[in-house]
Structure formats: C-alpha cells, structure tokens
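Engineer: Supplied in structure tokens, the structure appears directly below.
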Ligand code: DOR
C-alpha cells in the first residue's frame, strides 16, 4: 500500500479541490480523507505543495513505430510520455506501414504493455494506407482496440470519401479525428500565409486551408451524425466554427497544441529555426489570443502535444525541405502550468478537464476519478519544479523541440498507472 500525504487533490468530476491524503491499495484508491494515519508496511510519499489529479492523456502523439523507429519507438515514446506526466497516450496511424489493420493496432497495444509505463491507445487510419481512396479495416481495428480514426498527417482530401468514412465510423461509437487541410490551398506552404511568409519570402499555408475543411467536416458531421474531433486547431475562425457547431448541438470537439497556444509566426526569424516548422503552421498573435480564450472558456476541449519526433538530419537543413513537427510530450505540462496555471489564467480544474477528463470522454476510454474505489491512475504536478528545456532534458529519442532554450516552472513529479508508480520524483521508473 502507498499513502500519498497532503497533496491538493483536484478532480472536478467529483467536485474535489482540497488538501487530502490518498491511500492506494493494489490498483485502486482504498481511502481518501483529510488525514489518514500510516499503518505498518505502508510506503508514505510526502506530496505537500503538489497537485494530484486524474492521470493525464495526450490524445495526439506520433510514435513512429513501426517504420521510423530511428525517430521514436514505442519504448522511448512511452518513456517520454511518462516523463511528461502522462498515464495514457493515443498514437496517430502515420507509421510505416500505416496503422490500418486490426493486427497493426494490436501490435502497438501489446508493445506498449511490455514496458508498463504510459498505456498506448492506437488511432486507426480512416482510409487504406492513408491514401484517401478506400476505407481501412475500421471494424477490425475497433475490435482490436482502436480508440478513434484519422488520416492525420494530411487528412482526407475528397469530401465524398470523408462522407463515406464518417457514415461508416458512425456505427462504431468512435470519433473521426480530422486533420483539416485542403492541400489544393496549402500546397508547398511551409509557414503561415501572411506577414511572416512575406517577410521571409517563403510559400504560405493560408488559414483558409484549415478553415475550409473545418466547415466541410462540420457539415459532414451534421449530415452523418458521426462524432467529429477537429485536430490541432490553429486559427481564431476555426475555433468560432467549432463554437457554432457546439451551439447547434452537433457532436463536435476540438484540441489545441502548446505550440499554437504559446508561439506565433513572429517567432520564426531569419535564423530559420526548423523546429518551428509545424503543420498546421504557427499563426498570428490574434489567433493565439483567441485559442487561449477558447481553452479557458472550455470551447477547446483538450490540449494535445502533436508530439512529432524527427531525426537531426531531417531538421538540420533548409526550412523548405525540413520535416513538419515538434516534439511536445515532455513540455506540454510545464508550458501549461508556467504560462497559464501559475499565472492564475487557467484554474487547475480546467487543466484536469483539458488533459484528463475530455480526452477520455472523446476516445471512449473509461473515466478515471479520484474517489474511493476508483482506479489509482494519477498525475501529480509540482507547480514549483524548475525545467530547463535543453536536449538533455528529453527522454524522447528525438530532440526537435520548438521550446529548446526556455526555462519553465511546473512539471509532473510523480505518476501512477493502475496503482503502479511510473514516475518517481521526476524520473521514469526502471
Ligand atoms: O507537424 C506535424 N507533424 N503535423 C502533423 O500533422 C503530422 C506530424 C508528423 O507526423 O510529423
């Protein structure tokens, strides 16, 4: 048994925000009270000053396994996830081969279980090979444990094909996760179309390239009734469209990444830092302000990293040919706590909703609540922990972080998955 002493326990699902002791027995919470005395043989962990919450889920990561294990594999991926404070991750299907069969879904789940760290929930492809031409084996993947379906990386280009996907998926009670990008508008674009693309003389990726597909997919949701989750929204107008869809009562949700919350196109200078090349691109100050407001007011359901590991040679090159993506699993919690929670802009309870409650709801995973009899799956954050974002800080196999060089305050110190401690004082358990 393990006794967690004196943490501030925050779980809006059970109306809890108070300093408590939590006793773990096996995989569940055996007791939760103001003061619990330790009996013989109980391991006591002092959590004073820390915040204990239901385990965090990052519902948008790329683990590159199988096919691109030189960037990240499932072992290094779950290690980075644990270091970042996560108990669960959902992996995108743009592996090689593409995750579009039941067997490939089962492979990722089983491989994840081997390491006993963060749990892996694969997202299956919508179309075979993410080619946008024929349906992937969606029923088979659902049977094997896929938690959602997406052609993330580029999206389904044909509206007719997307309609077929959504009609088909709607029978399985799983969300379609849309990477909204109309490639006829974004072709060759490497940076937001606007001031920065003009200043640096690079091809632009216009806001409309995203928004036109957000409009399309919301209308397809209205037509088919299929739950729609809009991935990595990056513009103020995309957010307005999602808000309107929700007001219309449609089953539409969305997510935002820390790079779209805390960086703008103005961060890309003539030093051409390719770690700032992401898809969708960094946008304007106006977009960032709207997205932060949307996260605070709950219009944005969750925060995800879009953890996109790439090897040094894929980033250490001209901006135009560098791969899109930044790693993020190990900086999301520090960025949110530093920039929003510690500044009093985002309450801890909203952080819990965005990082633990909503992702589970959207992916149809069992809820995790901090209550007696509940699953002992927790993320414990030290709001005062200092994080220097250097290459050495990362457990990920790749180091392509848009946030290198930053100093942040607040990070996960301890993580429990089903009663097992996977992060101990900031260090991933052996
Ligand atoms: O920046 C990105 N990188 N955005 C995506 O949608 C895909 C990802 C990747 O797979 O590298």
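The first residue you see is number 1, and the count goes up from there.
Note that Cβ sites are derived from N, Cα and C of the backbone, with glycine treated the same way.
Found this in TrEMBL, in case it helps:
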type	residues	note
DOMAIN	49-236	domain 'Dihydroorotase catalytic'
BINDING	60, 62, 152, 306	Zn(2+) 1 binding site
BINDING	62, 63, 64, 94, 279, 310, 324, 325	substrate binding site
BINDING	152, 179, 232	Zn(2+) 2 binding site
ACT_SITE	306	active site
Engineer: Cβ-Cβ under 8 Å from residue 324 (substrate binding site), same chain, 6 or more residues apart: which ones?
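Structural biologist: The list for residue 324 (substrate binding site) reads 277, 278, 279, 308, given in order along the sequence.
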Engineer: Consider the binding-site residues 63, 64, 306 and say which one has the Cα lying nearest the Cα of residue 179 (Zn(2+) 2 binding site).
Structural biologist: 306
Engineer: Quick one: largest C-alpha distance among 62, 63, 64, 94, 279, 310, 324, 325, binding substrate per the record, in angstrom?
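Structural biologist: Maximum Cα-Cα distance: 17 Å.
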Engineer: For ligand 1, list the binding-site residues among 60, 63, 64, 94, 279, 325 whose CB atom is within a distance below 6 Å of it, in sequence order.
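Structural biologist: So the answer is 94, 279, 325.
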Engineer: Can you figure out which of 152, 232, 306 (the binding-site residues) comes closest in space to residue 63 (substrate binding site), comparing Cα atoms?
Structural biologist: 306
Engineer: Restricting to the chain of residue 64 (substrate binding site) and a gap of 6 or more, list residues whose Cβ falls under 8 Å of its Cβ, or answer none.
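Structural biologist: Expected: 71, 72, 73, 77, 95, 309.
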Engineer: Could you check which of these binding-site residues, 94, 310, 325, sit within 10 Å of residue 60 (Zn(2+) 1 binding site), going Cα to Cα?
Structural biologist: none
Engineer: Can you name the binding-site residues among 62, 94, 306, 310 whose CA is within 10 A of the CA of residue 232 (Zn(2+) 2 binding site)?
Structural biologist: 306
Engineer: Name the residues of the same chain, 6+ apart in sequence, whose Cβ is under 8 Å from the Cβ of residue 325 (substrate binding site)?
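Structural biologist: Sequence-distant Cβ neighbours: 62, 277, 278, 279, 306, 308, 309, 310, 400.
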